[in-house]
Amino acid sequence: MQRTHYSRDITPAMNGSTVTVNGWVHEIRDFGGLAFLILRDREGLVQVTMPKKKVSKEIVDTVKGLSRESVVSVTGDVKAMEKAPNGYELIPTALEVLSRADAPLPLDPTGKVPAELDTRLDSRFMDLRSPEVTAVFYVRANMIKAIRDYLSSQGCLEIASPKIVATATEGGTELFPISYFEREAFLNQSPQLYKQMMMAGGMDRVYEIGPIFRAEEHATRKHLNEATSIDVELSFATDEDAMRLLENTIAYAYAYVKEHCQAQLKVLNVDLQVPKTPFRRLCYRDAIEIAKKDPECADIEYGDDLSTQAEHAVGQAIGEHYFIVNWPTNIRAFYTQPCENDPSICKAFDLMHPRMELSSGAQREYRYAELVKKMEEKGLSPESFKFYLDSFRYGMPPHAGWGLGAERLLQTMLNLNNIREAVLFPRDRVRLTP
């Protein structure tokens, strides 16, 4: 049962070698004098070939009695075979049944029998056995690794902020209340306030990759109630510094996935193109004018946020990653710094993919008096944010940062139809299990 190789580690050059592979019964074919067992592991498929004159009757009979998706361990000799998948086959000398699968299966992980996404998510453990779904999460793991490696290489320290908080990041109602002993508490919407406090703590450059929770009732293909956010904050930095790091992070992640996930991209039929930097900077005012050309967005006005349809219209016109900059101050968060020459415009930005928004960021307001004033203008109580505001009273450096949605990044990278495909066990308005 002790595995010696994953499927991808075996090559035709190992002809004559003895190996042990573990996995699931993907398919069984019996042609009388010749039988095949297709074994599947995390890395791919192995063809186990059983000429009945060369393989023991015990092994052949065991295979005949197996149900699909049973778990087996196979030891055998590698035989180079040009016509076989991957250029080799395995002639078994021993086969152990580790776990038998019940029949019928809740869904078909081979994909030959299509299933709706909700059906797949109801039996996610089985859905994950599909080579295509496995490939998605293999890419996700490598994408996150690439981002972590790149941000660390740029001098950013990884932090972990609290997820149980006493107040909302920006006020509002999109909060999940929880019982916290005798006090009211909430699941955190964003590490925004805490990563800014790290700047006052002298941490200089930080990042966090962790969960966020938003009680949004949107039931769309791009919204989740629990998601993974990639957050960065940089001391002594401008909005342009933050945008430059963000676009380079995106390009690095794409390049890393393209190099290290070739087999998975092939399974997913994705021809991944690394975006060229720098990304285009598009003024908010120009984005509004582009959106107005879409008949469904004809009534959009300066000062409005961009609707999903407006994002689509602008994205179709631009056709690549781009930033929207120079936003009206009154529609951005209280911690966004206005432009010195025109306070009605602020130093905020959104990173856009042609399909959707990926990231939001800004140069922050770091002056205590101005920050308090902006909070009051937004109808927020400074007293509720005392723990945060105190960090601005004793030497807060200028700083900038951003938050990037990991699931949206993966969804657009792999051209997934629904963001739920980018999450192992999605949480949305109606789904709390599995």
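The backbone N, Cα and C atoms fix where each Cβ goes, glycine too.
The L-aspartate binding site annotation in TrEMBL covers E170, R214, S360, R364. Note: R214 (L-aspartate binding site) has non-local neighbours E174, Q189, N225, A227, i.e. same-chain residues 6+ apart with C-beta under 8 A of its own C-beta.
Residues or ranges marked as ATP binding site by TrEMBL: R214, A215, E216, K222, H223, L224, E357, G405, A406, E407, R408. Under 8 Å, Cβ to Cβ, and six or more positions away along its own chain, E216 (ATP binding site) finds E174, H223, N225.
Annotation source TrEMBL lists Mg(2+) 2 binding site at E357, S360. According to DSSP, E357 (ATP binding site) sits within a strand segment. Listed in sequence order, L306, E311, D350, L351, R408 are the same-chain residues six or more apart from E357 (ATP binding site) with CB atoms under 8 A from its CB.
Marked as Mg(2+) 3 binding site by TrEMBL: E357.
Look at TrEMBL and you will find 137-434 tagged as domain 'Aminoacyl-transfer RNA synthetases class-II family profile'. Taken as a whole, the domain 'Aminoacyl-transfer RNA synthetases class-II family profile' (137-434) shows an average pLDDT of 97 in this prediction.
The region 'Aspartate' annotation in TrEMBL covers 192-195. For the region 'Aspartate' (192-195), same-chain residues at least 6 beyond its ends with a Cβ under 8 Å from one of its own Cβ atoms are 159, 161-162, 169-170, 206, 208, 231-233, 333, 335, 385, 388, 401, 403.
The site 'Important for tRNA non-discrimination' annotation in TrEMBL covers P85. Listed in sequence order, L45, Q47 are the same-chain residues at least 6 apart in sequence whose CB falls under 8 Å from the CB of P85 (site 'Important for tRNA non-discrimination'). In this structure, P85 (site 'Important for tRNA non-discrimination') is part of a helix by DSSP.
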If one measures from the C-alpha of A406 (ATP binding site) to the C-alpha of R364 (L-aspartate binding site), what distance in angstrom results, rounded to a whole number?
23
So which one is it: of the binding-site residues H223, R364, R408, which has the fewest other Cβ atoms within 10 Å?
H223
Long-range same-chain neighbours of E170 (L-aspartate binding site), Cβ under 8 Å, sequence gap at least 6?
Q189, S190, Q192, A333, F334, K378
Over the residue list R214, A215, E216, K222, H223, L224, E357, G405, A406, E407, R408, recorded for ATP, what is the maximum interresidue Cα distance in Å?
19
